[in-house]
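Participant: My questions all concern the structure below.
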């Protein structure tokens with residue numbers, strides 16, 4: 001493969017970027033550059049260069065994740081089968097990126113971490129493993145689930161399964177360079193294996209990858225996959241979900257009454273929110289909780305570890321997952337754009353609120369959904385806080401309140417066509433604000449109760465002011481007609 005072919009393969013990810021929101025990339029660049037420059041100028045000691053190095057490390061791995069996903073999308077079965085040299089070009093590009101990202105990550109870790117804590121051999125092997133994992137995770141999505149679940153449990157497993165870990169440590173210390181070479185060769189061999197050759201297995205894997213990326217795009221634009229889309233090929237698993245959704249719709253239709261505002265809004269919510277309806281999200285949350293409980297039960301039965309230790313080690317990751325329940329309703333606003341045709345017909349429904357009443361009704365459906373999700377997340381997170389004594393974890397559902405108020409009271413008539421970046425920026429801002437509040441409580445020692453009460457009080461006053469302004473907004477439906 002010559003340089004021209006390599007450049008075409010590597011630049012494909014940049015050329016396929018979203019050009020509709022360039023300001024978002026400038027904002028992300030500012031969030032990366034400004035903290036790095038500020039820490040280099042204002043901080044002293046190890047943190048002066050540790051923060052820029054950490055940010056650079058995150059950027060390297062995010063960039064590699066995007067590049068790896070693009071390389072997998074270029075690895076189409078038809079091109080792999082009928083275009084000579086296509087798979088070889090992808091493999092060489094992947095290996096080149098693997099070497100570059102591994103070397104850059106190792107260099108940053110060695111420069112920042114003291115030698116007594118991390119040797120260059122361990123940094124090199126760990127960086128290579130992380131880069132290889134990222135490539136394979138773009139092909140096999142459930143590897144991320146294993147990472148997020150088993151990662152926090154490594155401390156528990158090291159206490160209850162000491163023999164395998166002690167054997168691995170002894171092998172590393174006695175034959176460090178040989179183990180390093182074998183590990184790098186093995187990880188390097190896994191990189192070309194991530195690209196298919198156009199056979200039946202490759203076609204099935206590429207089909208799963210395409211469906212996953214389509215579901216990700218739908219999620220970013222406010223859609224939520226139906227059970228048939230999420231469990232394609234696994235229809236038996238989707239039947240209970242379809243049964244619950246169908247039962248709820250039949251219940252709403254049986255109780256239909258055009259003189260009842262509650263009945264009208266229940267039917268309107270099915271149309272407005274479509275696959276972002278609260279029934280879909282409740283089923284998703286229940287499935288995740290059941291899967292988590294099952295995996296915890298398997299670990300407890302296998303290792304004999306106390307369940308309190310598992311919860312203590314995995315509390316942060318579990319809380320982030322539960323906190324997503326509070327933020328997902330923010331993405332429901334984008335669904336108003338997707339259902340705007342149905343909204344034109346919905347306005348003809350006898351008895352449906354119109355004008356100012358419609359503005360308040362549409363906002364109330366979104367706000368009620370978001371606030372109930374935040375309350376449910378807080379109720380589930382509260383026991384984790386009591387077990388771990390990390391009360392700062394409650395900032396995740398608390399920070400959802402002001403962001404939900406802002407999202408629900410924006411004018412639907414002026415909304416623009418949603419894009420992935422435009423939909424995800426409020427979510428990123430929510431997680432960033434929750435992280436800042438968590439650090440303030442857990443690391444800086446700020447009292448949580450006064451700050452939480454103040455946040456809720458300010459949110460209530462601000463929400464009441466925005467609620468009154470709904471009367472001055474254009475008619476909410478159909479959404480996006482004035483954009």
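Heads up, the Cβ atoms here are built off N, Cα and C, so glycines get one too.
The transmembrane segment annotation in TrEMBL covers 23-43, 49-71, 92-112, 118-136, 141-158, 178-195, 282-304, 310-331, 362-384, 390-408, 420-440, 446-465.
Tell me what's around each of these sites.
Facilitator: Packing against the transmembrane segment (118-136) from elsewhere in the chain are residues 61, 64-65, 68, 71, 94, 98, 101-103, 105-106, 109-110, 143, 147, 176-177, 180, 183-184, 187-188, 190-191, 194: each is 6 or more residues past its ends and has a CB under 8 Å from a CB in it.
For the transmembrane segment (178-195), same-chain residues at least 6 beyond its ends with a Cβ under 8 Å from one of its own Cβ atoms are 71-72, 75, 80, 87, 90-91, 94-95, 98, 121, 124-125, 128-129, 132, 135-136, 139, 171-172.
Counting residues 6+ beyond its ends, the transmembrane segment (362-384) has Cβ neighbours under 8 Å at 265, 268-269, 272-273, 278, 281, 285, 289, 311, 315, 318-319, 322-323, 325-326, 328-330, 332-333, 336, 390, 393-394, 396-398, 400-401, 404-405, 407-409, 412, 467, 470, 476-477 in the same chain.
Away from its own ends, the transmembrane segment (390-408) comes close to residues 315-316, 319-320, 322-323, 326-327, 329-330, 333, 363-364, 366-367, 370-371, 373-375, 377-378, 381-382, 384, 426, 429-430, 433-434, 437-442, 448, 452, 455-456, 458-459, 462-463, 466 of its chain (Cβ-Cβ under 8 Å, at least six residues beyond either end).
Through the fold, the transmembrane segment (446-465) approaches residues 391-392, 394-395, 398-399, 401-402, 405, 409, 437, 440 of its own chain, all at least 6 residues removed from its boundaries and within a Cβ separation under 8 Å.
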Participant: What same-chain residues lie close to the transmembrane segment (92-112): Cβ under 8 Å, and 6 or more beyond its ends?
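Facilitator: Tertiary neighbours of the transmembrane segment (92-112) are 1, 6, 9-10, 46, 49-50, 53-54, 56-57, 60-61, 64, 67-68, 71, 118, 120, 123-124, 126-128, 130-132, 135, 188, 191-192, 194-195.
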